[in-house]
Amino acid sequence: MVDLAIVGSGSGNSLLTPYWEGKQVAIAESGVFGGTCLNVGCIPTKMFVRPAQLARTRQEAARLNVELPAGRADFAAIRERIFSRIDPISAGGRDYREQAQNVRLLGHVQLLDGHTLRTEEGEEIHAQQIVLAAGSRPVLPQIEGIDLPGVHTSDTIMRIDQPRRLAVIGAGFIACEFASIFSGLGTEVIQLVRGTRLLKYLDEEICEAFNQQVSWPVQFDAQPQRITEAGGELSVHTSAGTFAVDAVLVATGRQPNSEFTAPAGLDLHEDGRVKVDEYQRVLRGGEPVAGLYALGDICSEQQLKHAANYQARVVAHNLEHPQDLRTASQRAVPAAVFTHPEIAHVGLTEAEAREQIGEHLTVKTQKYGDTAYGWAMEDAEGLFKVLADKRDGRILGAHVIGYEAANLIQPLVTAMNLGIDAHKMARGQYWIHPALMEVAENALLGLDVPDSGEL
Ligand SMILES: Cc1cc2nc3c(=O)[nH]c(=O)nc-3n(C[C@H](O)[C@H](O)[C@H](O)COP(=O)(O)OP(=O)(O)OC[C@H]3O[C@@H](n4cnc5c(N)ncnc54)[C@H](O)[C@@H]3O)c2cc1C
Ligand SMILES: NC(=O)c1ccc[n+]([C@@H]2O[C@H](COP(=O)([O-])OP(=O)(O)OC[C@H]3O[C@@H](n4cnc5c(N)ncnc54)[C@H](O)[C@@H]3O)[C@@H](O)[C@H]2O)c1
């Protein structure tokens, strides 16, 4: 019997606070220690994004009358640098747990009931409390040739040699980020999209701006039908024609890893996510199962690391204080797409806000190019859009496209979560002049909201 068993070493690994020292813990991990974000997700992708951004600076510099020499990205060196930093962190994390007297590491497990896991060797591990933090994995379309060598998912694409030509299938976060990375680093990218827009879930104005600004070739209405190989070359056959490439990235969504819970008969959403209540307790027959929690991609509406980490903090508290449970509050969840151009958003889109409050909605889209720093950048594309309720100035959403979007949006996330109204946000503080952040100040001042009295 252990006190706590955790399935998944991504955000699940952060549950082991000092409270668990001297108590018996099991961590099950069937893949690479540290989970998606560290090994095949947020961190390595963004470590590729940065050199891809630098590789593009020549064009931007030329706009500002600075001629930079033509450069070349050394993909192999970038890849080695990234993974020589990441792989030891993963191995070190595993060693650290392995050496702890009170921690036992397991491989793939099944959940038999709220207190029992079974290992692949057939051993049953009984636990006072169990946390399901098993994440998600790529979903692949079932088409001929999907398993050919050279056809990758985000799990493998970052370890390959740089392809001369790459087809990217999909139009979501992962497809767009990798199309941006590889094209920035000099690969000829063709993005194959079955619909008519990239990132279609975005606020419409931002979506349109992204689709206009995107700098690599995109083929719309291209439903992939099969992939074939001949003479070392791959051909992706789609409803819009055939595309010859050296490698293919399939980025057609991710599904929760919940199959291992089947014997326990938990409540699942239609997309396979485990159902939880507001305390992150797992449900069966609509009721919480005693001692069983879930966090992250296996249960979360947003497949985002900051959402998984927040849920982990809630679960960590609840495991330690079963008599004083905390709820996972419904915060406004921001997200960014680290493409060129970069995108960030939080809260409602304009269409969603209009649906909710109709004529009470006020919207302002401020161009980067209409602020002093925007002049310095000669920026003609960046947009900072804010939505608020005319009646009380409550900020309902923010949508940004352009340079540093993921950083620039954060003050709006603060205002939304801490309840600062739009006028107070704009006038209740100094904004450093002439920093690019003034674009947010100007957007807020352009809203039709009540005066907070601040000058
Ligand atoms: C390419 C990519 C880029 C991303 N970029 C970002 C980003 O920029 N920002 C952001 O916020 N989010 C990003 N995400 C999403 C983010 O990585 C995930 O939301 C987050 O890592 C989920 O964490 P988790 O703890 O729920 O699961 P994971 O970190 O996936 O951990 C789950 C672990 O459980 C293990 N496991 C599964 N089943 C079992 C079993 N039965 N027995 C034992 N072990 C099991 C798995 O091997 C896995 O290691 C990205 C994802 C991808 C794929
Ligand atoms: N920067 C970030 O925060 C970041 C980066 C990467 C991933 N993520 C997370 O990972 C999640 C998964 O990302 P994703 O891009 O794989 O999923 P997604 O659901 O965002 O996009 C999937 C895409 O694949 C297309 N598609 C689905 N089935 C298809 C088929 N059979 N043929 C052709 N196209 C098909 C869809 O139309 C869609 O464009 C995201 O929702 C996000 O939460 C976050």
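Backbone N, Cα and C define each Cβ position, glycine as well.
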Of Gly93, Gly241, Gly253, residue recorded by TrEMBL at the NAD(+) site of Gly170, Ala171, Gly172, Phe173, Ile174, Ala175, Cys176, Glu177: Gly253
Length of the line joining the Cα atoms of Lys46 (FAD binding site) and Cys37 (disulfide bond), in Å: 10
Tally of DSSP helical, extended and coil residues in the domain 'Pyridine nucleotide-disulphide oxidoreductase dimerisation' (333-442): 44 helix, 29 strand, 37 coil
Shell list (NAD(+); ref centroid = CB of Gly170, Ala171, Gly172, Phe173, Ile174, Ala175, Cys176, Glu177, Gly253; cutoff 8 A): Phe178, Leu199, Ala251
Candidates near ligand 1 among the recorded positions Cys42, Gly172, Asp297, judged by a Cβ under 6 angstroms: Cys42, Asp297
Distance [Cα-Cα, Å, rounded] between Cys37 (disulfide bond) and Cys176 (NAD(+) binding site): 17
Three-state secondary structure, Asp297 (FAD binding site) (per DSSP): helix
Alpha-carbon distance [His433 (active site, proton acceptor); Gly170 (NAD(+) binding site)] in Å: 41
Minimum Cα separation from Gly253 (NAD(+) binding site), reported as the residue among recorded positions Cys42, Asp297, His433 that achieves it: Asp297
